[in-house]
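Scroll down for the structure; my scribbles are underneath it.
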Amino acid sequence: MTLVVAKFGGTSLANGGQFKKVYDIIQADPNKKYIVPSAPGKENDQDTKITDLLYLLYDLASHGISYNEVFSMFKNRYLDICREIGVEMDLQDYFDEIRQAIEEKASKEYLSSRGEYLNGLILAKYLDIPFVDAKNVMLFKAPHILDEQRTYKALAEMKKSFDSAVIPGFYGSLPDGSITTFSRGGGDLSGAIVARGVGADLYENWTDVSGFLAADPKIIQNPRRIKEISYRELRELSYMGASILHEEAIFPVISQGIPISIKNTNAPEEEGTRIVPSSREGDQDGEITGIAGRQGFSVINIDKVQMNRDLSFSRKVFSILEANDIYVEHIPSSIDSLSLIVSDDQLQGKKKRITSEIKALCNPDNISVETDISLIAVVGQNMRNHIGTSAKVFTALAQAKVNVEMITQGSSELNIIVGVDTADYDTAIKAIYRAFNRG
Ligand SMILES: Nc1ncnc2c1ncn2[C@@H]1O[C@H](COP(=O)(O)OP(=O)(O)O)[C@@H](O)[C@H]1O
Ligand SMILES: N[C@@H](CC(=O)OP(=O)(O)O)C(=O)O
């Protein structure tokens, strides 16, 4: 018997029709013992995720603006699901409790967690298996920081009491009992933590695409499916924007060697993608594994003749960034120049201060900030065995008339990262994809 933890994302539980598919998937496999649901996601592109509705509810209520209409939308999503799947459940007490909490100025975390909480209750009733409130097993030390020791102990205890259960994703509790959440998309993390806590043999992550694809399907039509991907490749791709799996979801399972399988709720017969400690040499069908990208970066360019001879130069620059709580994404450099690639979120409201502090402390010849930069990562552990991979990337970009603003390559030769003007983002991804995936 293989013990499987299955996480179903919001797209898999967006409405009654999706709930029925999830029910069939779970009933077809007795190994799927612990189920981790997200809140209902988008039914279509125009729709709103329940988590977003809850954040909106919080914003309205905290500004003293009427939230009745949004609250009704929230309630109706769950009432519709119950009606469509034929689950008879009195949800009114739960709705009243949430409304009362809003009136009593409930926190944003508490409110946003109610999406998965209610979905978990409904799914448990539908599957007729126990519901375990995540606040009792997902234990945080501080907001957003998990207490791993206590959490894994609680999950091991849960396993002794329940041989199957529904445990809602995304949230848990702080030592004082109040609710906290992971960052957005954190249901993937909850699933991975449950998988480790119960000692699963496999962590299944069910979504609306047939696995990890070689590029974002919103940019490339029908991209190649990646059959098998290593933890490291996956992390590079998810961090760089392949939003299908939270970039931290591999950490709980990595040390235990628990494989992750990405599967499609809408096409469960399809193989999906297997994420393994390290994919075997030659297993992949391509020279590169995938492409991902993120928009919204700025580059701070600093020039100073003979910068390389000034031992303290970089230290001073980085001390300014540290003092301003700014994380740097990449640091391409040459003898006389240093570039800092920083996400716009990090730089917001601090650009002027940082440039003037660098001017004052480091006395550069020139400092400038370029905005509207996007980063594109070409990732693959097989790249190092192929001569000419970077030539292919840059030829493709040149032919598509995309100007490359910066280049970095990780020392592991697992990735090549290029910075391009955001206006060229889609063109660049399409050109690189075509260069490696003909026909
Ligand atoms: N490289 C990629 N492979 C697969 N999906 C991707 C990739 N990059 C972006 N996506 C997007 O990720 C979506 C699935 O993630 P998400 O919306 O969080 O689903 P869920 O609600 O199931 O957790 C897909 O619908 C797809 O549009
Ligand atoms: N519902 C949360 C957590 C989550 O992981 O959702 P999903 O599985 O739909 O990405 C969010 O929207 O962030």
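Backbone N, Cα and C atoms are what each Cβ position is placed from, and that goes for glycine too.
Here TrEMBL flags LYS7, PHE8, GLY9, GLY10, THR207, ASP208 as ATP binding site. Every protein chain shown contributes to the tally, and the Cβ of THR207 (ATP binding site) ends up with 24 other Cβ atoms within 10 Å.
Within 10 Å of the C-beta of THR51 (substrate binding site) we count 25 further C-beta atoms, all protein chains included. According to DSSP, THR51 (substrate binding site) sits within a helical segment. Annotation comment: TrEMBL describes THR51, GLU116 as substrate binding site.
Taken through DSSP, the domain 'ACT' (378-439) splits into 29 helix, 15 strand, 18 coil. The feature domain 'ACT' is assigned by TrEMBL to 378-439.
The ATP site is set by LYS7, PHE8, GLY9, GLY10, THR207, ASP208; from the centre of their CB atoms, other residues of the chain with a CB within 8 Å are THR11, SER12, LEU13, SER38, GLY41, GLY187, ASN205, TRP206, THR265. Predicted-model confidence for the domain 'ACT' (378-439) is 89, expressed as mean pLDDT. Among the binding-site residues GLU116, ASP208, the residue whose Cβ has the fewest other Cβ atoms within 10 Å is ASP208. Selection of the binding-site residues LYS7, PHE8, GLY9, GLY10, GLU116, ASP208 by a Cβ distance under 6 Å from ligand 1 yields, in sequence order, GLY9, GLY10, ASP208.
The separation of THR51 (substrate binding site) from ASP208 (ATP binding site), Cα to Cα, is 18 Å. Taking a Cβ cut-off of under 6 Å from any atom of ligand 2, none of the binding-site residues LYS7, PHE8, THR207, ASP208 qualifies.
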